[in-house]
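Undergrad: What Swiss-Prot records for 28, 209, 234, 238 is Zn(2+) binding site. The ATP binding site annotation in Swiss-Prot covers 269 and rests on sequence analysis. Annotation comment: Swiss-Prot describes 30-40 as motif ''HIGH' region'. The annotation motif ''KMSKS' region' is assigned in Swiss-Prot to 266-270.
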């Protein structure tokens, strides 16, 4: 029975979907004005893991992850580049899709773009005004009146006065309260705009998600997820909008993944430690990056460093080595089939504890190596597949395409051939020199009756 940590209640809760057997999940996606970074990679991989587990558990899942394709940053970047906004956003949507596919992230059922749902946003704003929870300002903006929603602060666990004291709020004469937030922005020269009852303008960021998830799921659904940085104000404001418009509970379970740090410092462009997914994939295999993310609990901070990625590569190589040594038999996924399957399920049902689930994979690999059991190797591959891992040909992974600074497969084969010739000529010193050179360059040789095989360390 699945239990998950609910940010709203600040405790683990037994998961009970609104409709038995069916789950609706919405995750806040990317604002597409630049290439995706490591923080985006974690959101993608974490909620892909959640989606895979819900489906493996037998749920009929509908997964929606939105795309923000209108935003101040997008408008600014398009102006800097001198290109149309839709050209800029499509380029980065395509790049995002490439990054996600490389990381083994399955596409959500729906990926709505904010610009496709502006009429829905206008309708929700009208509902909020009609209930006295929003107001049109003289300048053409529309604001949410936070004092008119009694539940404001429930997700962050702070009262409105506490939030106001702790936030740096710009004084805006158009607002009734400094904590009021914008629902509709009046048009500015040169910016995209849509007609509305309040004049030409565009939606605020927060209303976009409320309108899109209502379009797919109605006013009440099961799981809403995103990065921890979205808990306040974005998700707090979503609750205010959706519950303020419909006077019913919005979301049953809120999930937030932890931050990524780089060498124990916050990732930021100003510190020069900001990495895009593409930059990381130039150095490391994409499955290694996915494995690195899943080795940590999704709510824990994740520290990125070259040492940690190298450790992840070495660990994943051990699992693939077990599959290379013992060909995997086909096994049907039955959670009561053996103790490994039961413990894997128990780990994942405990708030998606991939740390313990991966530990089960290592136990399986060790036992499969020891017993030479094709069935256990089959379970290793099958359970790994639930996490989106271990589905490649083991030799292909272990010999992998060379990454930045690595020796190529062709060069390895040439050196192995030279070593073979040296051994045939009983030139043991040259044979040892070649082996030592390969070891120094991260290549492990394994001599057997069928010849010499190799893998990356």
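Any Cβ shown, glycine's included, is placed from N, Cα and C.
Distances, neighbours, how buried they are, the whole picture for these features please.
TA: DSSP classifies residue 238 (Zn(2+) binding site) as helix under the three-state reduction. Neighbour list (residue 238 (Zn(2+) binding site), Cβ cut-off 8 Å, at least 6 residues apart, same chain): 206, 209, 210, 224, 250.
Note on the motif ''HIGH' region' (30-40): its mean pLDDT in the predicted model is 95.
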Undergrad: Which residues, sitting 6 or more apart from residue 28 (Zn(2+) binding site) on the same chain, put a CB under 8 Å from its CB?
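TA: Counting only residues 6 or more apart in sequence, the Cβ neighbours of residue 28 (Zn(2+) binding site) under 8 Å are 43, 65, 66, 209, 225, 226, 227, 230, 234, 235.
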Undergrad: What number of additional C-beta atoms lies within 10 angstroms of the C-beta atom of residue 234 (Zn(2+) binding site)?
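TA: I get 18 for this one.
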Undergrad: Please list the DSSP helix, strand and coil residue counts for the motif ''HIGH' region' (30-40).
TA: 3 helix, 2 strand, 6 coil
Undergrad: Helix, strand or coil by DSSP: which one applies to residue 28 (Zn(2+) binding site)?
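TA: Where residue 28 (Zn(2+) binding site) sits, the three-state DSSP reduction gives coil.
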Undergrad: Taking DSSP three-state, what's residue 209 (Zn(2+) binding site) in: helix, strand or coil?
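TA: Its secondary structure by DSSP: helix.
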Undergrad: Using a 10 Å cut-off, grab the number of neighbouring Cβ atoms around the Cβ of residue 209 (Zn(2+) binding site), all chains included.
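TA: Its Cβ shell of radius 10 Å holds 29 other Cβ atoms.
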Undergrad: Beyond the listed site residues 28, 209, 234, 238, identify every same-chain residue whose Cβ lies within 8 Å of the center of their Cβ atoms for the Zn(2+) site.
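TA: So the extra residues in range turn out to be 205, 206, 208, 210, 224, 226, 230, 235, 237.
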